[in-house]
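S.K.: Please find one structure pasted underneath; my questions will follow.
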Amino acid sequence: MDRRQHDYAASSGLPYAQQQQQQGPNFQQQQQPQFGFHPQHPQYPSPMNASGFIPPHPSMQQFPYQHPMHQQQQPQHLPHPPHPQMFGQQQPQAFLPHLPPHHLPPPFPGPYDSAPPPPPPADPELQKRIDKLVEYSVKNGPEFEAMMRDRQKDNPDYAFLFGGEGHGYYRYKHFLSMHPPGGPFDPPFPSSSMPMIHHPPNPMMSPSMNNVPGALAVPPIRQPPFPPFHDHHQLQQHLPQPHPFAPHARPDFDQSTHAFRGLSGPLPADVAMELNGVLGNLNGTKESIKSAKIWFMQRSPFAPALAEALRDRVFAMDDSDRQMHIVYLANDILFDSLQRRTNLHEFDNEALAFRPILGSMLGRIYHFPQNKEENQSRLEKILQFWASKEVFDQDTISSLEKEMKSGPPANTFSHSPIIAAHALQRPGMLQQPPNSNVSSTMNLEHLTNPVATQQFIPNVMPPGAFPGSIPLNASVPPPTQPPAGEKPPPYPLFPPGLIPGMVRKMQIGSGVPYSPLSPLDIPTVIPPSDTPQSEVLERVSKFFKEIGEVNPSEGPMGSESQDDYDNYERDSPQRKGGACIPPPPNLQVDPETGTYADGSTDKKSGSGRLGLGATADPNEPTQYDDVYTSYRKHRSTNYHTSMSARATTR
């Protein structure tokens, strides 16, 4: 394969060889590189080019393919392959046996766009962010890039959109994704998050779609699928272009038609799965609703599809409280977007996305039998609140209220990607047969237009989308929905924290000063007991037997015979003469207190067993009027008996 240089010269024509011999060594010195630079071609054609040879473009000199053994002679490059008849007049080539530079495919399609590809950024997170944005931009068109420029203009993580770090790599990846060598549109990324399956606008009119397997059936969401990317040039010619010098112009908002111009395609599968988890964890707490709102606002380019998924989730629920949680979430999203409006008289993208679906969603909850009266008053207050805060104009509020009170149409329930993704996780969910006892005539009154007159039925899953599933008729309510005439038991909707607030309000600032309880309000008569007195006495007697004590209500302890010591008259015997012997110390009475040394008083007949303050007659009715008095008498009797016994032994 390797041939010498004279072989090329021998095969060339004679006139050209003689012309090369006449030029001499001066021309060879002129062709040698000086100071390490490649030789520059003359600006004007030399006499040697008078035979029809055109010098190459300077951009083609970036591929010199110089070799040390062949630097004495510079080859002549052509901008395009010459005619076959001119092969005999060309100079012998000094290249090794490989393709010359003008036969190598350039890295870019353009004839002069020969700059080397920019390297990826050093930050792997930035490179991942750029690749993800390029993927979504290719799948959704230039509107997505314009929207991201408008929304992320103050975010330093997206500085590559405005000439920052990684801008060249972003443009290079975007260019390669837009112009792949395999065809007009061949996406280089695996379509894991952006499915490119385009179903026909009406699956009911296409019976061939019934054979699509369930893993590939991702239905559209009320919008026709976006066209392939090679048709975007025709699409851009019909769309109004924003003014290039408007500083606050939003390219995703059509000022003429006031319609959302974001991502109107189907919801990606990964976003649908995330939304399914967010709504599964949604409850009535403020933290849960706030976190769900933040998640929604971070994915605001998919606002129409997300709003559709929220509406479909409301129709799939049979719990009115969870339905109201989604309404509260939509309320927070609308008010968060309201604060970001530059013009209060123009709807933001979130308001435009929720406006077509709010009427049917509110109508579903408004006519739901569970907690019907409470939810109706709540929904009416929410609409009035939106009107007062100018979330929507008065015409829109009136339209929403009319649609809410008229009831949701029977064909609004459909399967969104979030429900489809949820069904993929639980394959047996749709395999239950519908309730045969539920009459379909109750929904016929809501059907204003027959199915045959409808041109587009959005969000209808093909009947064979899931293996083993059954087609779900739109006119039949879900099987889990309770009958309309059956009212569930009332649920205690008592707001937490109400009682402490009421108590605090009564304590502070109520104006009522403190006043003691009046004695007149205290009852003087003990109310009669329902328990018979005999049962009470029996239980008291049983109690004293268990503790080993004597029941005071049954009388004093001891025998019926009176103690001689207790009945002893303590009067001093009268003496008839001799010295007077004083009584012992235990029988001397204290003149100040009138008691003996043991604490007892001077006893008279019948009062030996009574304590301090006891009357002389133990048979008086006041002594044994209750068990407490008798018990006190009994205990004091034992005390005085023991004290007297001790005093006697001394």
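Keep in mind that glycine also has a Cβ here, set from the backbone N, Cα and C atoms.
As listed in Swiss-Prot for this protein:
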REGION    1-126  region 'Disordered'
COMPBIAS  18-43  compositional bias 'Low complexity'
COMPBIAS  61-77  compositional bias 'Low complexity'
COMPBIAS  98-123  compositional bias 'Pro residues'
REPEAT    129-173  repeat 'SURP motif'
DOMAIN    267-408  domain 'CID'
REGION    548-650  region 'Disordered'
COMPBIAS  638-650  compositional bias 'Polar residues'
S.K.: What are the DSSP helix/strand/coil residue counts across the repeat 'SURP motif' (129-173)?
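M.R.: Result for the repeat 'SURP motif' (129-173), in helix, strand, coil order: 36 helix, 0 strand, 9 coil.
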S.K.: What mean pLDDT does the predicted model reach across the repeat 'SURP motif' (129-173)?
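M.R.: Average per-residue pLDDT within the repeat 'SURP motif' (129-173): 86.
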S.K.: Within the domain 'CID' (267-408), how many residues are helix, strand or coil going by DSSP?
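M.R.: Taking each residue of the domain 'CID' (267-408) in turn, the totals are 110 helix, 0 strand, 32 coil.
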S.K.: Tally of helix, strand and coil residues over the compositional bias 'Polar residues' (638-650) according to DSSP?
M.R.: 12 helix, 0 strand, 1 coil
